[in-house]
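Asks: So that we are looking at the same thing, I have put the structure below in structure tokens.
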Amino acid sequence: MQGAWTPDQVRDAERSVFTSTPEPVVMRRAAFAVAVHGARLLAETAGAVAGRHVVLLVGAGGNGGDALWAGVEFRRRGAGVTALLLSPDKAHPAGSAALRRAGGVLVDAAGPGADTAGVGAAAAGALERADLVVDGIVGLSARGSLRPLAAELVSRVAAPVVAVDLPSGVDPITGAVDGPAVDADLTVTFGGRKPGHVLGTGSVRSGAVVVAGIGVAEHLPEPDLFVLDAADVGAGWPVPRPQDDKYSQGVVGVAAGSATYPGAAVLATGSAVQATSGMVRYAGSAADLVRSHWPEVVATGSITDAGRVQAWAVGPGIGTGASGREVLRHALESGRPVCADADSITLLAEDPTLWDARDPDAAVVLTPHAGEFQRLAGEVGADRVAAAREVARRFDVVLLLKGNTTVVAAPDGRVLVNPSVHAWPATAGSGDVLTGLIGALLAAGIDPWLACGYAAHAHALAAELAAFGPEAGDDPVGAPIGASALLRSVPAAIRALRAS
Ligand SMILES: NC(=O)C1=CN([C@@H]2O[C@H](COP(=O)(O)OP(=O)(O)OC[C@H]3O[C@@H](n4cnc5c(N)ncnc54)[C@H](OP(=O)(O)O)[C@@H]3O)[C@@H](O)[C@H]2O)[C@@H](O)CC1
Ligand SMILES: Nc1ncnc2c1ncn2[C@@H]1O[C@H](COP(=O)(O)OP(=O)(O)O)[C@@H](O)[C@H]1O
Ligand SMILES: [K+]
């Protein structure tokens, strides 16, 4: 499991480091890492480092300082270096002097000879001739969208980019991008990832993230966010042991679908069937259709005679009327963990007295998309992590907030995020598949917070495998999928996760 730390956590850790190691030494370590990884990228993309042209975008603070010192290292490796200073009077003094001594060229990005967009002639020419751009505009202390000159320079970058610490234009805390932002091939960060690397557009804009050790990691507290690796999910995924039978692996009950939405029942039970080897019961008006698709499911018409289960997955397609409410009430009263999705969330939002049915010792997982979240607790807002964390605490639930980045918050404040590289899961019925996965993992006894993280990871991978097809090559081109195709790829996703 990887962590991500907020800028405040990183600054505190840096302060601890500075009690024993001088600040300039720490900065030189950071800059060295940027140069080593940047040089590798340059060699790959331009065939060599010596004789190539590296352009540094240098902002007003420590991020620009890192870039300037990295420029010194590029000079040592024989590259030409031009530093474009966005705030010449604030550019890191020691870094500027060192780069000048090393034979680098430092120019004011805004002049002389500024064009109508405010970019100086030397800066514009340097960017056109760049083989590699080092983005040191802004890092941990970024606030708001990029200012006009920074935004203009960023929009002119055509060469490969190594970002220092964070791609400029990405919010370090939320990963949000509002306006132009660096699109990095590689981001070299220090001590640990930041939320901006794993959330929202930031996860895409960061490119490959390299975490360089500069002595800070040892001083970091518990991460603010966690990200599961494929190997974590594969290792934790429940599979039958020699002593197991169908009951010992957990029986999941699925209450989904209706005369209007029978497909939700087929999708949710189908994913539960394929998620684990335990048993799946179905309760609802789509019992015949479920049996015809999944003969292994024990299906009944009503939740009251469904039989014993270890967890319930309730909601997709059950409707928001009286019968849906009774189904949800029954599941909440069962004393078993419940994954409440879709109509269940709307029901809870419309009638908070339903919470009274809940057994306080049994976990409840809510899996809203942004619209369902709004019904329950108002607009999600830009800080999706803070929103999910607050609602998880308030309702004492594990809250899985759907979207391109899935956020899973536990009532104790722990947050897992699953950055999705692709948007292929954005298809109708895909959430029903996720509900079945979570239900099956809850029934298997997996910690609800992890169950959501495992399910989100496998779900995104299944969509990717379905979209690219088994024959996908090195540079695959995807095709749109429906939730049925996603569902069919669940076993392949689990296999791939277990193999990693
Ligand atoms: N601490 C250390 O020793 C170490 C730190 N390290 C490095 O330092 C970085 C943190 O440095 P930092 O704190 O100086 O701030 P940083 O992110 O460079 O921002 C600088 C300035 O940019 C400006 N600005 C803000 N928003 C803006 C916007 N939207 N668009 C344009 N400009 C904007 C604003 O300046 P202003 O113009 O407002 O005065 C702000 O003060 C960190 O990410 C890492 O790379 C490593 O070397 C390891 C050791
Ligand atoms: N842009 C996106 N990129 C990646 N995943 C997405 C995106 N949009 C939605 N998803 C995922 O697709 C699923 C959609 O669920 P949901 O909105 O409940 O759909 P439905 O109700 O049609 O089943 C969720 O797992 C969500 O995280
Ligand atoms: K940067």
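In case you wondered, yes, glycine gets a Cβ from its N, Cα and C as well.
Note: TrEMBL annotation is automatic and uncurated.
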Asks: Kindly point out which candidate in GLY378, GLY381, GLY429, GLY431 is recorded by TrEMBL as part of the AMP site with LYS402, GLY403, ASN404, THR405, THR406.
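Replies: Between GLY378, GLY381, GLY429, GLY431, TrEMBL records just one in the AMP site with LYS402, GLY403, ASN404, THR405, THR406, namely GLY431.
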Asks: Need one residue: from ASN63, ASN418, the one TrEMBL lists with ASP135, SER168 for K(+).
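Replies: Answer, per TrEMBL (K(+) site with ASP135, SER168), from ASN63, ASN418: ASN63.
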Asks: When the Cβ positions of the binding-site residues SER168, HIS369, LYS402, ASN404, THR406 are compared with the atoms of ligand 2, which fall under 6 Å?
Replies: HIS369, LYS402, ASN404, THR406
Asks: Tell me which binding-site residues (GLY62, ASP135, SER168, THR405) have a Cβ under 6 A from ligand 1; sequence order is fine.
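Replies: GLY62, in sequence order.
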Asks: Sort out for me which one of ASP135, ASP165 has the most neighbouring CB atoms within 10 A, since those are the binding-site residues we care about.
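Replies: When each Cβ's neighbours within 10 Å are tallied, ASP135 leads.
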Asks: Relative to ligand 3, which of the binding-site residues GLY62, GLY65, LEU140, ARG143, THR405, THR406 have a Cβ found under 6 Å from one of its atoms?
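Replies: Close enough to ligand 3 is none of the binding-site residues.
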Asks: According to DSSP, does ASN63 (K(+) binding site) sit in a helix, a strand, or coil?
Replies: helix
Asks: Could you say which of the binding-site residues ASN63, ASN404, THR405 has its Cβ with the most other Cβ atoms inside 10 Å?
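Replies: The most densely surrounded of these binding-site residues is ASN63.
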Asks: Within 10 Å of ASP135 (K(+) binding site), Cα to Cα, which of the binding-site residues ASP165, ASN404, THR406 are there?
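Replies: The binding-site residues passing the 10 Å Cα test are ASP165.
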Asks: Measuring Cα to Cα across LYS402, GLY403, ASN404, THR405, THR406, GLY431, which the record gives as the AMP binders, how far apart are the two most distant ones in Å?
Replies: 14
